[in-house]
Amino acid sequence: MGPLGFVAVGVGAAAGAWLRWGFSVLWNAINPAMPYGTLAANLLGGYLIGLAVGFFDTHAGLPPEWRLLAITGFLGGLTTFSTFSSEVVANLIAGDYGWAAMHLLLHLGGSLLLTALGLWTYRMLA
């Protein structure tokens, strides 16, 4: 990866992280046991990566820096596996096993479902 690739990843990651932070500021306090901002970031990221994979698979001639910007950078910065993990562990430590299970179901199941939906959406529109 050349210098432009590093810039693409960095710019994309900053933008994705800022959006994730904005979601957290707006929605996490609504229900501390299920921080909705983190959930929104992961579900949106899952959907968008499905769209992006479909797009880049059908536009293979684009410079690789665009994929680095969008997928590795932006969506990597937006989605929050480490935050999600710490929230599940916090639920477990607090004895909130139902909320921990709900986190797992919604984040993992929802993200997988929305990634498939994003890819399907792109293929239907292409």
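Glycine residues also receive a Cβ, built from the backbone N, Cα and C atoms like all the rest.
Quick look at what Swiss-Prot annotates:
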- Gly76, Thr79: Na(+) binding site (BINDING)
- 6-26: transmembrane segment (TRANSMEM)
- 36-56: transmembrane segment (TRANSMEM)
- 69-89: transmembrane segment (TRANSMEM)
- 99-119: transmembrane segment (TRANSMEM)
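Pairs of Cβ atoms less than 8 Å apart link the transmembrane segment (69-89) most often to 6-26, out of 6-26, 36-56, 99-119. The C-beta environment of Gly76 (Na(+) binding site), restricted to residues of the same chain at least 6 apart in sequence and closer than 8 Å, consists of Val9, Gly12, Ala13, Gly16.
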